[in-house]
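Here's the structure, in structure tokens; my notes come after.
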Amino acid sequence: MRLHSVLGLIGLGYLASASNLRARDYDAQDYYVLHLDSTTPPSQVALQLGLAHEGQLGELEDHHIFSCHKQEVDVVHTALKERRRRKRSFGGSDILDGVKFAQKQKIKARMEKRGPLPPPPEGYAAPVEERQESPSEAVLAKQAAVAAALDIQDPIFHEQWHLLNPVQVGHDVNVTDVWMQGITGHNATVAIVDDGLDMYSDDLKDNYYAEGSYDFNDNVLEPKPRLADDRHGTRCAGEVSAVKNNVCGVGVAWDSKIAGIRILSKLITDADEAVAMNYAYQHNQIYSCSWGPPDDGRSMDAPGILIKRAMLNAVQNGRGGLGSIYVFASGNGAANEDNCNFDGYTNSIYSITVGAIDRKGLHPYYSEKCSAQLVVTYSSGSGDAIHTTDVGTNACYNGHGGTSAAAPLAAGIFALVLQIRPDLTWRDMQYLVMQTALPVDLDTGDWQDTTMGLKYSHTFGYGKIDSWATIEAAKTFKNVKPQAWYYSPWIHVNQAIPQGLEGLAVSFEVYPEMLKAANLERLEHVTVTMNVAHTRRGDLSVDLVSPDKVLSHLSASRKLDNAPEGYDDWTFMSVVHWGESGIGTWTIVVKDTNVNEFNGTFIDWHLKLWGEAIDPAAATLLPMPSEHDDDNHDQIISTTSIAGTTTTLAPVSTQTSLMANPTDHPDRPVNAKPTGTTEDENTPTNTPAATGIPSSWLPSFFPTFGASPKTQIWIYGSAALIVIFCSAVGIYLFMARRKRLRNNPRDEWEFDLLEEDEAEGLNGGGKVGGKKGGKRRAGELYDAFAAGSEDESDGEYVDGVEGGDEQEKRLYEDSDDEGRHVIGEDEDEEEVVNEKFSSVE
Ligand SMILES: *[C@@H]1O[C@H](CO)[C@@H](O)[C@H](O)[C@H]1NC(C)=O
Ligand SMILES: *[C@@H]1O[C@H](CO)[C@@H](O)[C@H](O)[C@H]1NC(C)=O
Ligand SMILES: *[C@@H]1O[C@H](CO)[C@@H](O)[C@H](O)[C@H]1NC(C)=O
């Protein structure tokens, strides 16, 4: 029976759009997601394209799903191309002009569960040893007292050492005195996004939240485990919300509601996952995700653009606007030297990344490190694992482990927090969790002191979650102000990376005025998007040193990663700089530590500082990401045709200030970017001038930008001093927008990119593989000053070389002589531009 008829029969009014959930038939049908102008009726688009309109894509406004019978060609791409061709010749208007983005759906790569562990490396033979340590009488007495006081009769409660550990005293989540206060997860809801949830288990059924549950693999309402190994989700669910009864044990938040969202048991598309990640997001408060790209030490993968949009949509609109809480397992690939910064889910600023410690408080061999890891909590290792519910009416499991078991435990603790503080935002939760985490195992783990007065370890994050401390702090937690951000310009480097320990260091100076203009008071997350060309990716590592001399290992070398490429617009994330002002010199160090025949070039990078706003009233919401967010340094050049003239620009030598003093233009809203997704519009507005910008800031080419006034303000919104340090001789630093040369420069750029988009980075548009970008970039001959962008992000003003205003002006004048090219606004011009750059290349 088709789902929509089921829905029709039982009339489930809570589903915003039941048509989102029509069963897909990937064997017989093709599916397209189109982002439409809000005035364009999807039914008419469907009619014109000969497709069936399947409804809105989950909670993503103006995104719609269409279907037709399966065929080789991308019929939408073909039709849009034809429409643009006709528009060039005949003009006029057409319903298809309202299509801002189109993507034919492909089955996406399988996400792997983070429960099953790879074998431990040599010398790590699982210590079965002294499990016979004798328990503490005092803790046993406490266990009995707690059970009596709370009427816990669950038969394996005494085995659940992660809740109260009588053997390794103190190595548990310290939750019993939280329960004693009546804080047990009441009125909080956690969704387990996984391979199903056994809602008929006697240990789960009373807490099962049907309205928040759905099976995206079999297109039915109940996310029942159906395959033999569909046990992972149920085990995770038990950790959170196993009912206090006479079956197995208890969940850490045993009164919470638990939903199941089944996505891991069959292959799905980005569209399905985007819907799943927003499913019932006004009611499901926390999404616990114990999966991700393979932890094989080779993968470097991030969610596609639709999933990225869904996650941003969730933090902006989910939970009544407070933001969905995403919890991700850090990954089990540590033995493969995998690192959670190579995973675009765990390194998203929108997810809380949770790693594992074992029952002795030690780092288990599998738990991945990275600068995006926020905290750790208990899981398998040192001879034991997590004891929880299993699939079956009355089945328990004592071997649940990996970081898969850590993430739901954290999610359950966050449910306890939401019982008493349902008003906390997604960012409040991150503050609360990190500020109350306890450093563990101080002798190992390379702990460093952070500016906030906390300790951070890439192995343990800010430490282990202590439920009691978290709840105590939650009681009086003062909500933080809204988010603000500052984006540096793209910083062009284009230097060979010396092999050995030294590395190539490049610095960027952030001035108080920049952050003031960005309305940014103090830092939370820091992201770095970068391009490195290399013939063996695993040889690379990257460190970031903040103005306060706090160190983030953004990436680490990986022995198994033989990919013959570097990083292509990949975004790394760090939570290590939390609480810093951000003002001062940021230095990035790219290393190629393996002295061998594989070498590379550091091409460019881009620093983004995220944090708390100065003035809440001036805060804005981040626009939806597009696949062009981090390659628009290319578009800048193509839009203004400056690059053609800049080959004549004299290289800037070491230690040179490229920027003028920005103090004469206060209060420019650097992050007041337009909220539209102009990047994927075919016809960006070409407003000739911006109001409110001091005219002295407007170079002569200004009107040639295809940007809205707001965008222009933003483009001009930052200025910087760049200083570069390097061991190599003759370093040139260029503030530049680089043209990304495409295999087929004549193709429409919007759709040229679509083929690549499944590999987009979550918070920066990082592309895996970089088949097109990296190598070509390495060979580029020109570096250039360039500025302006017709689209929403990353614009910035480059205020000339010290004493080089003349030169800059000449540059811009040249660009006028070259003609004014606005990509997307007129395709003929775009092609001219492309041609020009092809010849430059
Ligand atoms: C655990 O909770 C108790 C309150 O029950 C508290 O006094 C203690 O500081 C917490 N932390 C540890 C590590 O025991
Ligand atoms: C339950 O949670 C909702 C949403 O978070 C909140 O509005 C409501 O006040 C809560 N109810 C109770 C009894 O705490
Ligand atoms: C590796 O080194 C060679 C010789 O210096 C150079 O031509 C090549 O561009 C380098 N490769 C990369 C990816 O930087």
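Along the chain as shown, residues are numbered 1 onward.
Any Cβ shown, glycine's included, is placed from N, Cα and C.
Curation plays no part in TrEMBL annotations; they are all automatic predictions.
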Quiz prompt | 81-108, 109-136, 277-304 - the one TrEMBL records as region 'Disordered' | solution = 109-136
Quiz item: Given the active-site residues His232, Ser404, and counting only Cβ atoms in the protein chains shown, which has the most within 10 Å of its Cβ?
Solution: Ser404
Quiz item: Could you give the Cα-Cα distance between Ser404 (active site, charge relay system) and His232 (active site, charge relay system), in whole Å?
Solution: 8
Self-check item: Asp194 (active site, charge relay system): tally of other CB atoms within 10 A of its CB
Solution: 31
Self-check item: Distance [Cα-Cα, Å, rounded] between Asp194 (active site, charge relay system) and His232 (active site, charge relay system)
Solution: 7
Quiz item: When DSSP states are folded down to helix, strand and coil, where does His232 (active site, charge relay system) land?
Solution: helix
